[in-house]
């Protein structure tokens, strides 16, 4: 017969459930709770392995501020490991599919096990290596240069800008000049406007001569050169007016 006093004293012990203790899947050491980049995780003090519950890895990576030094080596296992939480076999998978960093992930509880410096390697992968960042910066510079060049070409072939300059000429001639001067200016502006508006088409023309006794054009001319010639021709009256003034 059990002593009632013994039962009373031991009842709290029997009623308290034992706390589940997770163990390192690599070395079997009991995992300890610790704060890592603002996230409470379970880690192994012996082999430095870390267990991340769902969304903890994403949060820790987001809060990480100091990526690993380039060239740091990662020691990882490509073998399946038992999940420290549910003991389900965790297959080795590649983080982000093409990072080259192999981690173990549980398909049941969706946690992830990282060993040694894998977390720092993932942080470095997300931030980018020095060579990758330098290459990206070079590409950005190339794109900026191309955009500036394209902007210049757009201005060079701009029908709006050339029409505005031509209209300014005509208004000035009409207000300060005579109808004859205005008519002559209209005839003069036709050629530069055609060169600017249809620069590429004119540049592709071959086998023609610009006048009697002049050589025949045998090679194609870049459209930008034709447009530049049109602008120089169009701005001639302005240069003459400035010199005369």
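Here the Cβ of each residue, glycine as well, is placed from N, Cα and C on the backbone.
Bear in mind that the values here come from a model prediction, so they are computed numbers and not experimental data.
In the predicted model, the domain 'Transcription factor zinc-finger' (23-61) shows an average pLDDT of 90. What TrEMBL records for 23-61 (among others) is domain 'Transcription factor zinc-finger'.
Counting residues of the domain 'Transcription factor zinc-finger' (83-123) by DSSP class, helix then strand then coil, yields 6 helix, 12 strand, 23 coil. Residues or ranges marked as domain 'Transcription factor zinc-finger' in TrEMBL: 83-123 (among others).
Annotation comment: TrEMBL describes 160-177 (among others) as transmembrane segment.
Taken from TrEMBL, the feature transmembrane segment applies to 189-213 (among others).
For 225-244 (among others), the entry in TrEMBL reads transmembrane segment.
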